[in-house]
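> Pasting a structure below so you can have a look.
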Amino acid sequence: MGGFVDDGAAGLAPSHGSSRAGRGLEGAGVFLRFVASLLSIAGLMLLVKDNQTVQQMVATEAVTLETKYSDISAFVFLLYTNGLVAVYCFFLALASVFSLIASARSGKLAGWVTFVLDQGLAYVLLAAAAASTEVLYLAENGDLKTSWAEICSQFGHFCHMARASIVVSFLSMLAMAVLSVMSAQQLFSKYRRPMTAKTAQDI
């Protein structure tokens, strides 16, 4: 006696399950993109406000010293990178929200573009945060070999703001790294072979 598995029953159940899982992943991605955008905005704003003016006595005269983020190229690089990540994540999150509401599915080309941009921006943000960390280390500790003096004893507020911006930027980078994994999973799931009904035979 032989049995036959109905094509509709065999194909629809896995399809609905994978569809729900896919939409759940997209929803998590939207939330994480808003988080990454907010973190990058916070890192950017901390740098924009990062300036300090102090007065130092030289002989009998008071000399005014000022430092700001724009004096350091690594901090400028970090600021623009955070701005780019914030704009990218915000608009892509909005596009994803409209896609979820309209129950529309993105194609493979859009998946590849998102995957490449997520990966690229994660690496660029990592590079910017790492370069800024090195500069901050020199500002806090100096370098005797190159005769660079530390400045954080004089510009404590400046160093504190820079440190906070770097920490927030690293958190945004971690969010981008997770998004890279998620976009890779969504992209390569489009290349999986569709499930087909199989004929079952009793021996």
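Yeah, the Cβs are placed from backbone N, Cα and C, and that goes for glycine too.
As annotated by Swiss-Prot, region 'Disordered' applies to 1-21. Here Swiss-Prot flags 1-27, 95-108, 185-203 as topological domain 'Cytoplasmic', drawing on sequence analysis. The transmembrane segment annotation in Swiss-Prot covers 28-48, 74-94, 109-129, 164-184 and is backed by sequence analysis. The topological domain 'Extracellular' annotation in Swiss-Prot covers 49-73, 130-163 and rests on sequence analysis. Feature annotation from Swiss-Prot assigns N-linked glycosylation site to N51.
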> Name the range, of those listed as 28-48, 109-129, 164-184, that has the largest tally of Cβ pairs under 8 Å with the transmembrane segment (74-94).
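It is 28-48, which has the most Cβ pairs under 8 Å.
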> Please list residues from the chain of the residue listed as 'N-linked glycosylation site' whose Cβ is under 8 angstroms from its Cβ, counting only those at least six apart in sequence.
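Sequence-distant Cβ neighbours: E66, T67, K68, Y69, F158.
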> By DSSP assignment, list the helix, strand and coil residue numbers for the topological domain 'Extracellular' (130-163), in that order.
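Split by secondary structure, the topological domain 'Extracellular' (130-163) comes out as 20 helix, 2 strand, 12 coil.
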> Should anything in the same chain at least six residues away from the topological domain 'Extracellular' (130-163) have a Cβ under 8 Å from its Cβ atoms, list it; otherwise answer none.
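Same-chain contacts beyond the ends: 46-47, 49-52, 54, 56, 65, 67-69, 72, 74-75, 77-78, 169.
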